[in-house]
Amino acid sequence: MKMISLLKKSVLAAVLAGFCHSALAELHIIIPGGPGGGWDTTARSVGEALMKSGLESRTSFQNMSGGGGGRAIAYMIEIGNKKNDILMVNSTPIVIRALSGAIPFSHRDLTPVANLIADYGAFVVRNDSPLTSWQQVIEQLKVNPSSLKFAGGSARGSMDHLVAAQAIAAAGIPGRNLRYIPYDAGGQAKAGLLSGEVELLSTGLSEALELANGGQARILAMTAEQPVADYPEIPTLQSLGYDMSFTNWRGFFAAPGTAPEQIAAYNDTLQKMLQTPEWETVRARNGWLNLYQGPEEFAAALAEQEQELKQVMLDLGFIRN
Amino acid sequence: MLDGILLGLSTALQWQNLLYVIAGCFVGTFIGMLPGLGPITAIALMIPITYSIDPSSGMILMAGVYYGAIFGGSTSSILINAPGVAGTVASSFDGYPLAKQGMAGKALAIAAWASFTGGTIGALLLMLAAPTLAKVSLSFQSADYVALMCLGLTAIAAFSNKGTFLKAMMMTVFGLTLSTVGIDPSSGTERFTFGNTDLLDGISFLLIAMSTFALAEALSNVLKPEVKQANSEQPMQIGSIRLSKAEVKEISPAVGRSSILGFIIGVLPGAGATIASFMAYAAERNLAPKALQEKFGKGALRGLAAPESANNAACTGSFVPLLTLGIPGSGTTAIMLGALIAYGIQPGPMLMQDNPDVFWAVIISMYLGNIVLLILNLPLIPYLARVLIMPKAILTMMILFFSLIGVYLVSFNTFDLFMMIGFALVALVLRLLAFPMAPLLLGFILGDMIESNFRRAMMTSDGSLSIFWDKPLTLGIMLLAIVVLAMPLLSFLRLRKAALKQ
C-alpha cells in the first residue's frame, strides 16, 4: 500500500508539473506535435534563449499532437482570446495540409507573429552514386523520367514530394513524372537511400547536412534563394539556372484577433532575442539558419507560398480547382 | 578495440558518469512502471539538462532512461496486465497469468533476470559487431521487411490454442483493419476517419493494448463475482522470488535465443522492441515441445522470459543504426540523434574514430546499467507485488485509473479516453466469446508496416511481384515463413496418418 500511495503521489506530482506551471507562465507556447519533433525543438529552444537571456522570466510549453496539427489550431482559436500570452509554433506543413483539406483551418485563421528560422529543400545522393551534379540528374530524367527514384520521409503530397516535383518541373520535366517513394519517417527514408533502394533523397537541408557530415552522402543541390553563407559550396537551384526556390519557414502565430500592439510586443521580444548570444548558442547547436520576418512580411510570404504550393498540388492532381 | 574498451571503461567509471547511469536507470524504471508512459517523453524533457553536461554523460543518461523504461515496463504488464511501455505488451501474455496463479514474485524475478541477460548480451553484441551489423541492417530493403513481417504474421498460429485458430485469424484481420485508420502512409489520403480530425493520426498501439488487456481485464473482474468470492477468502499469493534450478534450466535456452533474435530485429531501423518481443514469443512457442506449447498464454515461464529478453536486446540493438549510421529506428532514438547532433557529434561511420569516448562509454555504461537495474529491481519485487494483495475492488479501480491516465498523459486528448472505453467494451464482449486478444495486437502492429513496405516495394519494382523472390535475403525469409506456416499442418497430417494406420 505504501508503494502505491507513493506511486500515486508521484503521478499526481507529474500531472501537476505538466499543467500548473502553464497557469503561472508569462509566455506559453503551444506545440502542435509530440515531444522531440522539429516543432518541439524549436519551441523549447526559443523558450530556453528567452529565459536564459532574461527576456522572459518564465516560458512554458504544451505538446498538443493530433489531427495533423489541426487540434492545436482549434485550441488556439477556442482558448487563445481568453489568455493573451499564448503563441503557437508552426511551419510549412500547415500551408500544405490546409490546401489539401487535411486540416479544416489555414494560417489565415491565426495571427502571424513572426518567422524566425528557415530550412530549405535539399537533394542528396549516396557517396558512391554515379550522379555528381544536379544537372546530371535532370539530363537523366529528361531521357527517362522513371529511371531515378526520389525518397522522402512522408506521404505523397507532403513537403518532400512537392519540393522535388517543383524542382524537376523548373527544369521542364512534368512533376507528375517524378517517381516519389514515401517512407514512414525521415530516418527510414535515410535508410532507404543508404540501402540503395532509391537513388535520391528529398529532405531538408539540415537533415541533409547531417548525412553529408557523416560522410555517407553528398548534397547535389538545395532550394534557397541565395547560397547560404555557412555552406557556400552547396549550389542552389537558382545558381544552377533553374527558377525555383522553396523555404520551409518556422515561425510563431498568435490567436485570431490578437491586438496589433500585442503582436508588436511579441516581435520586439523575439527581435531582441535574435541578437542575444544565448540564441546564437541555440541556433548553432541545431544548425538553424536565421530568417526573421515581421508580421506583415511573414503574412505576405505565407500568401505567396500558399499560391506556389497550390499550383504544384494542382499540377500533381492532389487538389482540383 | 581493446583501446576503445579501456577508454570506455575509464569514461563510464568516472563517478559522475556512474551517477548518471544510476539516475537514468532509476528514472527509466519508474517511467516504465507507470502504465502507458514511455521513455520518449522523459528523454525529450531531459534534453535541456543534458546540454549542460558532457556528451558522453548525456548519452549515458538518456540511454539509461531508454533501457531502464523497457526493463521496468514489465512490472505493470505482469502485475496489472497494463503494459508499461509498448515493448512489454507481449510480457503480459504469460506474465499476468503467472501473477494470477500466485507466482507474481517469480514472474517479476524472471522478467528482471531475462531483461538483464537480454540487455547484457545486446551490449556484448553491440561492442563486438556494431559496424558489421550496421552493414547488414542496410541490406534490408522494403521487400525484405515485407518478408520479415510475413514471418511475424505466422505467429498467429502461436497465439491460437486448440480450436481457436479461426477466432485468432478473425482477430488478426480485425487488427489489420484497425491499423488502416488515419492518414494513408503512402498516398496521404484519409481512411476511416469519418471526418474526425482526432482519428487523422491513427490509433495508438498502446491505447489498443491498454484497453483490450488492462481495461477489459478489470471490467471482466467486475463481471465475475465468483473470482471475487474466492479472493476474499484467501488473499492473492505473491510467492517466492527464487527460481529453482529446474526453472533456470527451462528458461535459459529461451533467454539466449530471444536475446540474439531481439538484438537482430532491434538493429533493423524499420522494426523495434515491440516487434522483437512478439516475434521472440512466437518463435519460442513454435520451438517448444507439444506439451509446453499448450501452456503458452496460461503462464509459461518461457513465454515470459522470451519477450522480456528480446525487448531489452532490441533496445540495445537500436543503438547500432543510431551510432554507426546516424539513422534512428524509433521515436526515442530520433530524439537521441537530435541530442548528439546538438552536441556537435556526428553519428555515422566516423563516430568511432572522431568521438570514440562517446561510443565506447555508452556501450560500457550499458553493462553497468543492466547491473544497476537488476540491483534496483530485485529488492523492490516483494513491495511492488503487494499491489496484488489489495482488495479486488480497489485494485480494479486503480487499474482503470492508471490505464486511462497513462494513455491521456501521452496524447493529452480526451477523445482517446472515449476510444479506450469503446475498445474495452468491444474487447470485453469478445473475451466472453473466447476470442484471443493477442492476435489483434499482432495484426495491428504488423499491419501498418506490411502495408507501407509492400506498397513501397511495389513502387520501386514498377509493380512486379518478382521483387519478393529476386534477392536471396528476401527469398530466404519468405521460405522460412512458409516452412513455419506449413509445420503445424505437416505434423497434423502425420498424426492423422498414424491414427489411420492404427
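All positions are counted from 1 along the displayed chain.
Note: Cβ is positioned from N, Cα and C throughout, glycine not excepted.
Over in TrEMBL, the protein carries these features:
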DOMAIN    B:18-442  domain 'DUF112'
TRANSMEM  B:20-47  transmembrane segment
TRANSMEM  B:59-80  transmembrane segment
TRANSMEM  B:107-130  transmembrane segment
TRANSMEM  B:142-159  transmembrane segment
TRANSMEM  B:260-283  transmembrane segment
TRANSMEM  B:322-346  transmembrane segment
TRANSMEM  B:358-381  transmembrane segment
TRANSMEM  B:393-411  transmembrane segment
TRANSMEM  B:417-446  transmembrane segment
TRANSMEM  B:473-493  transmembrane segment
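Sequence-remote contacts of a segment are chain residues at least 6 beyond its ends whose Cβ falls under 8 Å from one of its Cβ atoms, and for the transmembrane segment (B:322-346) they are 38-40, 43-44, 47, 50-51, 55, 58-59, 62-63, 66, 130-131, 133-134, 137-138, 266, 268-273, 352, 354-355, 358-359, 362. Taking residue pairs at least 6 apart in sequence, the transmembrane segment (B:20-47) and the transmembrane segment (B:358-381) share three or more C-beta contacts under 8 angstroms. Here the transmembrane segment (B:59-80) sits apart from the transmembrane segment (B:417-446); fewer than 3 CB pairs are under 8 Å, leaving out pairs fewer than 6 apart in sequence. Here the transmembrane segment (B:107-130) has long-range neighbours at 1, 5, 67, 70-71, 74-75, 78-79, 91, 95, 98-99, 241-243, 247, 251, 255-256, 258-260, 262-263, 266, 301, 304-306, 308-317, 319-320, 323-324, 363, 366-367, 369-371, 373-374, 377-378, 381, 384-385, meaning same-chain residues at least 6 beyond its ends whose C-beta is under 8 angstroms from one of its own.
The stretch with the most CB contacts under 8 Å to the transmembrane segment (B:473-493), chosen from B:20-47, B:142-159, B:260-283, B:393-411, is B:142-159.
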